[in-house]
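Here it is, the structure in full.
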Ligand SMILES: NC(=O)N[C@@H](CC(=O)O)C(=O)O
Ligand SMILES: [Zn+2]
Ligand SMILES: [Zn+2]
């Protein structure tokens, strides 16, 4: 087995960088292993207009002054989103996608969509101009069991939207179920999915192992082992419809270790070593490059990074249990097994 692998530098197709002190602490962690990332717009207040996206992009670039990381901006879709503003932001290359949060589905989603008919015009315009829609795919109906919300969303909301807007390109974000991977495979074109590192590792038992484990709580919530296996099969299959979106979602520990803890796992620092370990265990190391470096750019119509990243297998990789931020410590995702792959971005392009 080869102990060193060099691949085009990975990209992260779903990332939360937050803002201000948290942004300054977490952005360098992503830039260590990733050349580009799709930046989620769920700030408070959200990134809704082209002007918001420009200002946020500038704050991100100010936090990463060496120019080696490109933020790919998104707009937060609301019922009042202006299709012309979206089209103008796309035309000037300011945004790469629009993000749909069903109102109330997840962290900072209060401004999201309640009535999907009210965003029909924007979705049609996006289909016309080829701008992808990234979707948090969970229904918010409290009568639907939390473990069923993704499957029900696909049937009740996503499939009808895709049928009503045939040219719309959609990324079903952070897929957590076999229903999700099956649905993505059912479409020949125009549909893809991101998979996180943490959902490839934990199932729902991990959240309750010996007590409640707030650092394994994220949305969509981890599902049964059979679903985790479906995600691992999709990630390691070589199918270009599946690619990495870490959904690295830092919250200060005080916000997670609380009577009503926030959802999100912070995985930016160890997602790539973790995926190398996982793909190695699955006998699929040769497919890691497609999953982290090639399938995402292919879907978004962007070039693969010319810069490379080298993975070296060695002594177990150690990372701090938490990083310090201006908002307090943030605990890193612990996969619960040792990681042996050390990743380094190379200065030279391939
Ligand atoms: N994934 C999460 O559990 N949390 C994300 C929001 C999201 O991606 O749904 C966050 O912003 O904290
Ligand atoms: Zn989400
Ligand atoms: Zn997210």
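Cβ coordinates come from backbone N, Cα and C, glycine included.
Positions annotated as active site by TrEMBL: 247. The Zn(2+) 1 binding site annotation in TrEMBL covers 14, 16, 99, 247. Look at TrEMBL and you will find 16, 17, 18, 42, 136, 219, 251, 263 tagged as substrate binding site. As annotated by TrEMBL, Zn(2+) 2 binding site applies to 99, 136, 174. Summarising the annotation, TrEMBL assigns domain 'Amidohydrolase-related' to 12-264. Per TrEMBL, N6-carboxylysine is recorded for 99.
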Under 8 Å between C-beta atoms and at least six apart in sequence, can you list the same-chain neighbours of residue 18 (substrate binding site), or say none if there are none?
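26, 43, 250 - these are the non-local Cβ neighbours of residue 18 (substrate binding site), listed in sequence order.
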For each of 17, 219, 263, count the other CB atoms within 10 A of its CB; which of these binding-site residues has the top count?
17
What binding-site residues in 42, 99, 263 place CB under 6 Å from ligand 1?
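The binding-site residues passing the 6 Å Cβ test are 42, 263.
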So which of 14, 17, 42, 136, 263, listed as binding-site residues, have a Cβ under 6 Å from an atom of ligand 2?
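By the Cβ criterion, which requires under 6 Å to ligand 2, the hits are 136.
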Going along the chain, which residues six or more apart from residue 14 (Zn(2+) 1 binding site) have their CB under 8 A from its CB?
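Once residues fewer than 6 apart are set aside, residue 14 (Zn(2+) 1 binding site) is near 37, 38, 40, 134, 173, 174, 194, 196, 245, 246, 247.
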Roughly how many Å separate the Cα of residue 219 (substrate binding site) from that of residue 16 (Zn(2+) 1 binding site), to the nearest whole number?
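Here the two Cα atoms lie 13 Å apart.
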For ligand 3, list the recorded positions among 17, 18, 42, 99, 247, 263 whose CB atom is within a distance below 6 Å of it, in sequence order.
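Those recorded positions that pass the cut-off, since their Cβ is under 6 Å from ligand 3, are 247.
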